[in-house]
Amino acid sequence: MSDRSGIFAGDDPFDIVRAWMAEAEWQEPNDPNAIALATADADGLPDVRMVLLKDVDGQGRDGSFVFYTNYDSAKGQQLAANGQAAFVMHWKSLRRQIRVRGAVTREEGRQADDYYASRALQSRLGAWASRQSQPLEGRASLAAEVARMGLRHGTNPPRPPFWGGFRIVPSQIEFWADGAFRLHDRFVWTRADAGDWTITRLSP
């Protein structure tokens, strides 16, 4: 019989993710939706950076995680070439983390348009102005490009064609909670070929 209870209880891993994130909203000093996103380049060399998770979408077989970025950035190019990624969310205040691995697809439809439109105007213009991951002469040149984009697009810039979302469809989701004397609790949800989940307790 499973001893999965308390903060680990539930029939759907995405519901558990949402519950933990809701707790983190009250506990973390800033950016409770920050994730360390791992990708790999063409030579297989790992790369990692912090980004903001913007949506925990759906449930069960259809659940996924969404973040947004410049498609021409290093991570955008790596994801286009590889199509797989991993990330970890860690909250020091809760002493918990969530690890995710899975396949990645682009999110370029209405959801991406709506999220872009919800951003502050300067952020929307910044998406146009930034040639992400490319050499930059100085901050003044970036500010000048933002101003130029403001003159070009006004107060209602469209979503750039090179900017949008990535959707991670997880093959694994692991929930980890700190335990006394390093006897931590770990449960991993693994997606079977049919889309159903199996749940396994792991040794700490």
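Any Cβ shown, glycine's included, is placed from N, Cα and C.
Quantities reported herein were computed from a predicted structural model and do not represent experimental measurements.
Around the Cβ of Arg49 (FMN binding site), 13 further Cβ atoms fall within 10 Å across all displayed protein chains. If you look up TrEMBL, you'll see Arg49, Met50, Val51, Leu52, Leu53, Lys54, Tyr68, Thr69, Lys75, Gln97, Gln132, Ser133, Trp176, Arg186 marked as FMN binding site.
For the recorded site, Arg119 (substrate binding site), the DSSP three-state label reads coil. Note on Arg119 (substrate binding site): other Cβ atoms within 10 Å of its Cβ, all shown chains, come to 14. Residues annotated as substrate binding site in TrEMBL: Lys54, Tyr115, Arg119, Ser123, Arg182, Leu183, His184.
The annotation domain 'Pyridoxamine 5'-phosphate oxidase N-terminal' is assigned in TrEMBL to 30-149.
Note: the domain 'Pyridoxine 5'-phosphate oxidase dimerisation C-terminal' (163-204) comprises 3 helix, 28 strand, 11 coil (DSSP; helix = H, G, I, strand = E, B). What TrEMBL records for 163-204 is domain 'Pyridoxine 5'-phosphate oxidase dimerisation C-terminal'.
Tyr68 (FMN binding site) has its Cα within 10 Å of the Cα of these binding-site residues: Tyr115, taken from Tyr115, Ser123, His184. Distance noted between the C-alpha atoms of Trp176 (FMN binding site) and Arg119 (substrate binding site) is 32 Å. When the record's FMN-binding residues Arg49, Met50, Val51, Leu52, Leu53, Lys54, Tyr68, Thr69, Lys75, Gln97, Gln132, Ser133, Trp176, Arg186 are compared pairwise by CA position, the greatest distance found is 37 Å. You'll find the Cα of Tyr115 (substrate binding site) roughly 15 Å from the Cα of Val51 (FMN binding site). Summarised as a single figure, the pLDDT of the domain 'Pyridoxamine 5'-phosphate oxidase N-terminal' (30-149) averages 95. In terms of DSSP secondary structure, the domain 'Pyridoxamine 5'-phosphate oxidase N-terminal' (30-149) contains 41 helix, 46 strand, 33 coil.
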